[in-house]
Amino acid sequence: MPLFKTNCFLFILLAMATLITHARLEQYVQIGPELQTADWKFRTTESSRVEVTENGLSLFSSDAKTGASALQHLPMVKPGTVLLVSADMRCANVIAGIKPWNSARLLLAQNDGKKDRWDLPHTAVALTGSHDWKNYRKAFTIAPGIQNIQLTAQLSQSTGSLQIKNMRVYPVYENPDYKWVRDIILLAWGGYFLLFTGSFLFMDKKNIFARFLLVSAFTAIIAGTTLPGDMKNQVSNEVKIQIDAESESFKTVIPWDLSKVWHLGFFFLFGLILSVMMKKEPILQTITIILLLAGGTEIAQLYIEGRTPLVSDFFIDAAGGVTGMILIRAFVSNQHENKAAA
C-alpha cells in the first residue's frame with residue numbers, strides 16, 4: 001500500500017494528541033450549584049413501577065401503553081444559561097414503541113408557561129435494547145421566555161427496565177480551550193482519513209470497480225463514525241422500528257443492536273475488498289490497515305458530540321475486517337488449488 005509507513009506514523013501521532021488533550025481538558029466548567037432535588041413525582045400501576053433509590057431511580061414497565069415515568073421540577077435559571085445533565089444509566093430488554101421517541105429516555109424539558117417546548121433540544125439520552133452502565137452527558141441552553149424546567153426519566157410507551165444513578169444538573173460554560181483543540185483535532189483526523197482514502201486509489205489501478213467498492217465501504221464507515229450521538233440514535237431507532245414492524249421474528253431471534261451490525265458489516269466488506277486489492281502484499285500489512293481504521297474511527301469519537309469510543313467496538317470492527325480478509329484469501333487459495341488439481 002502506498003504511504004503505508006506515513007499512515008502508521010500519522011496514526012500514532014494523532015492518537016497520542018487526541019488521548020492526551022482529551023484527558024487534560026474539560027469540555028464543561030461548572031459555574032453554579034447543583035439544581036437537582038430529591039422531590040420526584042411519579043405513579044405506579046400493575047404493569048409499571050418506579051423506585052427512588054439513595055443514588056438514583058429504577059423504572060420498570062411490562063405494558064407499552066402505560067410505560068413508566070418520574071419527574072421533578074428544577075429551580076429556574078436565567079435565559080441563556082447552559083445546564084449540563086449528567087447520569088450513569090443502564091437498561092435491559094427495552095422494546096421501543098411505534099414512535100421514534102418511544103424508548104428509555106432522560107429529558108430536560110422547558111415550558112414557557114403555556115406548553116412544553118418540544119421544539120427545543122430536550123433529550124439527554126434515548127436507549128433501546130440492553131446496555132450496561134455508561135455515563136451520558138448533554139448540555140442544554142435555556143431559551144428566552146421559559147418559566148419552568150423539568151427533569152424527566154421515562155420508559156415512553158415502551159417496555160423493559162431502566163436504572164439511573166449519579167444524576168446531576170448544574171450550570172456550566174464550555175471551555176474555550178477545549179473548543180479550539182477539538183476543532184483542530186477533528187480537522188487533523190479528517191485530513192488523515194482523506195490521506196487514507198487517497199492511498200487506496202493507487203492500489204491495483206487496473207481494478208477500478210474494486211477501488212470504488214473499497215472507497216464506498218470506507219466512506220460508509222466514516223459517515224457512521226462522524227454522526228453526532230443524537231442523530232445516530234435517531235437513525236438507528238427508526239431503522240429498528242421498521243425492521244421490527246416488518247418481522248416480529250427479528251425481535252425474538254436476533255438481539256438487535258444496529259450500530260454493532262453496521263460496524264461488523266462494513267468492516268467485513270472493507271476487509272474483504274482490501275484483501276483482494278492487496279493480494280500481493282503481506283497479510284500483516286492488510287491486518288495493520290484494518291486495525292488503523294478501527295482504532296482511528298474509535299479514538300476520533302472522543303471529540304464527537306454524544307459519541308463515546310468503546311474497546312468492544314474496536315474489536316468488533318477489527319473482527320469484521322479480519323474475517324472478511326480471511327474468507328476471501330481462503331476462497332482464492334481454494335480456487336487456485338482446484339485449478340492446479342485440474
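Cβ coordinates are placed from backbone N, Cα and C, and glycine is handled just like the others.
All TrEMBL annotations are machine predictions without curation.
What TrEMBL says about this protein:
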type	residues	note
DOMAIN	261-330	domain 'VanZ-like'
SIGNAL	1-23	signal peptide
TRANSMEM	184-202	transmembrane segment
TRANSMEM	209-227	transmembrane segment
TRANSMEM	261-278	transmembrane segment
TRANSMEM	283-304	transmembrane segment
TRANSMEM	310-332	transmembrane segment
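Between the transmembrane segment (261-278) and the stretches 184-202, 209-227, 310-332, the greatest number of Cβ pairs separated by less than 8 Å involves 310-332. DSSP states for the domain 'VanZ-like' (261-330), grouped as helix (H, G, I), strand (E, B) and coil, give 58 helix, 0 strand, 12 coil.
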